[in-house]
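Below: the structure, in structure tokens.
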Ligand SMILES: NC(=O)c1ccc[n+]([C@@H]2O[C@H](COP(=O)([O-])OP(=O)(O)OC[C@H]3O[C@@H](n4cnc5c(N)ncnc54)[C@H](O)[C@@H]3O)[C@@H](O)[C@H]2O)c1
Ligand SMILES: O=C(O)C(=O)C[C@@H](O)[C@H](O)[C@H](O)COP(=O)(O)O
Ligand SMILES: [Zn+2]
């Protein structure tokens, strides 16, 4: 079983990736569970249908009643109405400041549950039990949020989990599209940290058909990149912005598609292509790398339709609400070569020029 510790000041916790991670509820996490007066699972309804008995069985060691709240599947749970429903559910069930919540699902359910935990009675503990590949990113680092019609993750907080447990067998039911989505964030972790690893991923047959063993190793590698950054800059004052590579444009594609049209990872893949073009123009990235990345994306089933379907002005209207924007200026994470991210302020015309390039090349 793989294990990695996230060392954030006053919030140290472990991430476990393995076939039998949930066995740790009876050992390493027995005290944590035992110290909670009430425990609830907030579960993605689709994941609950597939896998909830497995989690419930593993939690039998607590000899406690563990109540379950299912929420709409995927991105549709990151809505204010669902958030309020969860808070009412906890209140009706007499949850207190000593209670604990377990998030069971992908990044969407994890983000929602984290935000519920962050704000219920001003903050209670929660455990992430993520079920997607993408969640190697979302379950670690404590960013929690829900969406607003105006944009992605517009309401949220930083609230670190008490533990993160991946039971890798659950990946076996992931549809190919969710696999693709998760691999995009893995590539992001590679792009912002390590040239050799990035090029390895861009030519690896395992990228589209990963074995559980390969995935476990690669996800730990991605988590290590994230944990190091978050350990140094929990609240995104500086280097944590690098984890947003591909997201300024990616989030605007998600919003334009109505949240859920394309998955988060699929949109980040488009966003990374856009950032690579911006990096050709304002940083130091070779045109050949961008072309290779676009070809790779297409060969692996990532879609670029939205950029041909919607106008630049629509994307811009969402990008202007990006959390990195400051004093009305857009800030992008660009690369001064693979592994060397930096933040650059750009003008509208520069963004439009890159958008037109992307349309021509993708
Ligand atoms: N907090 C962060 O730092 C952070 C980082 C990256 C992404 N995110 C957020 O994460 C979300 C995306 O997460 P995601 O890609 O995990 O998608 P998701 O949570 O939307 O899940 C996608 C789909 O996969 C299904 N699913 C989940 N696990 C499954 C399994 N084991 N077998 C079969 N189906 C399964 C779900 O039911 C859902 O329909 C976005 O909202 C994004 O903004 C947050
Ligand atoms: O952990 C971070 O920091 C990230 O930016 C990780 C991203 O992959 C993730 O999608 C995050 O939710 C985006 O954050 P936002 O602040 O741009 O909403
Ligand atoms: Zn992301």
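Positions of Cβ are set from backbone N, Cα and C atoms, glycine also.
Copied from TrEMBL, the annotated features are:
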- 107, 108, 109, 110, 111, 131, 132, 143, 152: NAD(+) binding site (BINDING)
- 185, 247, 264: Zn(2+) binding site (BINDING)
- 70-180: domain '3-dehydroquinate synthase N-terminal' (DOMAIN)
- 182-325: domain '3-dehydroquinate synthase C-terminal' (DOMAIN)
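Here the features listed in TrEMBL are painted onto the structure.
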| residue | record | Cβ within 10 Å |
| --- | --- | --- |
| 107 | NAD(+) binding site | 31 |
| 109 | NAD(+) binding site | 34 |
| 111 | NAD(+) binding site | 26 |
| 132 | NAD(+) binding site | 30 |
| 152 | NAD(+) binding site | 24 |
| 185 | Zn(2+) binding site | 28 |
| 247 | Zn(2+) binding site | 26 |
| 264 | Zn(2+) binding site | 29 |
Query raised in the report: Which of the three DSSP-derived classes (helix, strand, coil) applies to residue 152 (NAD(+) binding site)?
Result: strand
**Report entry** Separation of alpha carbons, residue 247 (Zn(2+) binding site) and residue 109 (NAD(+) binding site) (Å)
**Finding:** 19
Report summary line: Whole-number Å distance separating the Cα atoms of residue 247 (Zn(2+) binding site) and residue 152 (NAD(+) binding site) is 10
Report task. Tell me which binding-site residues (109, 132, 247) have a Cβ under 6 A from ligand 2; sequence order is fine. Result -> 247
Report summary line: Under a three-state DSSP reduction, the secondary structure at residue 109 (NAD(+) binding site) is helix
**Report entry** residue 132 (NAD(+) binding site) and residue 264 (Zn(2+) binding site), Cα-Cα, nearest whole angstrom
**Finding:** 12
Query raised in the report: Where the record says 107, 108, 109, 110, 111, 131, 132, 143, 152 bind NAD(+), what is the longest distance in Å from one Cα to another among those residues?
Result: 21
Report task. For the domain '3-dehydroquinate synthase C-terminal' (182-325), jot down how many residues DSSP puts in helix, in strand and in coil. Result -> 103 helix, 0 strand, 41 coil
Query raised in the report: What are the helix, strand and coil residue counts for the domain '3-dehydroquinate synthase N-terminal' (70-180) according to DSSP?
Result: 48 helix, 33 strand, 30 coil
Report summary line: Given the Zn(2+) site 185, 247, 264, its other Cβ neighbours within 8 Å of the Cβ centroid, in chain order, are 134, 137, 184, 188, 246, 250, 265, 267, 268, 271
